[in-house]
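Q: The following block contains the structure, expressed as structure tokens.
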């Protein structure tokens with residue numbers, strides 16, 4: 001069958017045009033920086049400034065629609081921030097490192113922090129405004145001395161802690177997750193100034209804690225899958241892997257060898273001692289039990305006239321069971337009788353839905369999370385476990401609660417205070433008095 005040369009030429013043009021479009025969305029003259037798996041580290045991770053990265057697929061319709069907008073953003077931010085793009089089809093390893101599931105995905109890389117997902121509107125103004133906020137935050141951190149330029153280029157740590165175990169994707173589960181030992185793990189980035197400052201302290205702590213507590217470190221530039229797995233958001237992050245290895249919690253103490261050693265030693269000692277649920281009887285008790293605890297769990301128990309001693313003791317036995325389950329975690333458990341600490345109840349919104357109730361508090365951060373299910377053993381265990389992973393949603397306390405001094409419970413049933421009866425006539429002065437007043 002005869003085919004017109006023009007028709008064949010048209011078909012070839014369409015085919016080759018299609019393959020050309022599928023190879024890339026941004027040409028050599030585009031203001032958007034072209035990324036590959038080989039230059040990603042130098043262009044993005046080692047950058048001293050904010051970098052916006054679009055992960056795209058050439059066949060993706062939404063990616064094609066975003067192309068002119070992304071180039072407009074690149075022109076707007078020229079000289080202020082880097083706007084880049086990477087073909088996730090051609091460079092799948094880079095996409096896998098950041099858990100890319102759909103296209104286009106936009107991530108913003110800020111020095112010293114984990115990448116941030118951009119989930120706003122896909123117009124140039126919205127994207128540029130979001131970038132501006134990140135740039136402003138970076139400048140603010142540098143002015144306050146929290147972040148410093150890296151000088152361009154990622155450098156490996158000159159001296160790895162000799163007693164700290166180097167952890168990676170191939171050995172992390174075997175050494176940490178499957179272990180019965182306590183592990184304290186530092187997640188760092190080689191270019192991070194705060195990480196470099198911590199390095200000698202970490203080395204000293206690891207050496208002094210040998211045989212007592214395991215210390216390890218993860219290079220997040222290399223082991224990004226581990227970083228994502230434990231939701232590491234900044235560097236350095238120190239996580240404590242206690243008995244429940246699936247729910248590590250952050251170390252929030254000072255970044256000195258002595259502080260880390262003291263924390264680890266106290267953790268080991270507390271795991272061996274008896275558990276306790278302390279009655280909150282004043283500000284000194286609050287400071288002692290909640291001041292240094294990662295999470296402070298406070299239970300608000302019914303008035304003794306409502307539960308009697310037998311009922312209250314049952315609640316306390318239940319709380320002791322919960323405390324025993326989490327004895328190796330840096331938690332504290334306290335209880336307080338209903339309406340004895342009114343300012344605390346007000347700030348954590350307890351009382352309106354009855355007693356008993358429980359809240360998880362982080363005093364340092366000034367936040368809390370309420371127990372929303374029944375005050376029963378299984379629900380309490382689940383609540384404490386979830387609170388340890390940040391899965392309960394924190395609510396601000398809006399200020400430090402005022403704790404008042406109260407008497408410690410004597411372990412007995414309460415006594416109903418009977419009030420003296422009075423006569424309405426006596427209150428009003430009696431009939432004679434009323435009559436006399438009327439006569440006047």
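Even glycines carry a Cβ here, placed using N, Cα and C.
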Q: Here are some residues: 168, 398. Which is flagged as N-linked glycosylation site in Swiss-Prot?
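A: Swiss-Prot annotates N-linked glycosylation site at 168; the rest carry no such entry.
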Q: Across all the protein chains here, work out how many other Cβ atoms are within 10 Å of the Cβ of residue 62 (site 'Contributes to redox potential value').
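A: I count 12 other Cβ atoms within 10 Å of it.
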Q: Using DSSP, what's the helix, strand and coil tally for the domain 'Thioredoxin 2' (154-269)?
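A: When I sort the residues of the domain 'Thioredoxin 2' (154-269) into the three classes, I find 41 helix, 23 strand, 52 coil.
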Q: Among 61, 62, 63, 168, these being the recorded positions, pick the one whose CA is nearest to that of residue 192 (disulfide bond).
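A: Going through 61, 62, 63, 168 one by one, the Cα closest to that of residue 192 (disulfide bond) is 168.
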Q: Sort the recorded positions 62, 193, 195, 255 by C-alpha distance from residue 168 (N-linked glycosylation site) and give me just the closest.
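A: So, of the listed recorded positions, the one sitting closest to residue 168 (N-linked glycosylation site) is 195.
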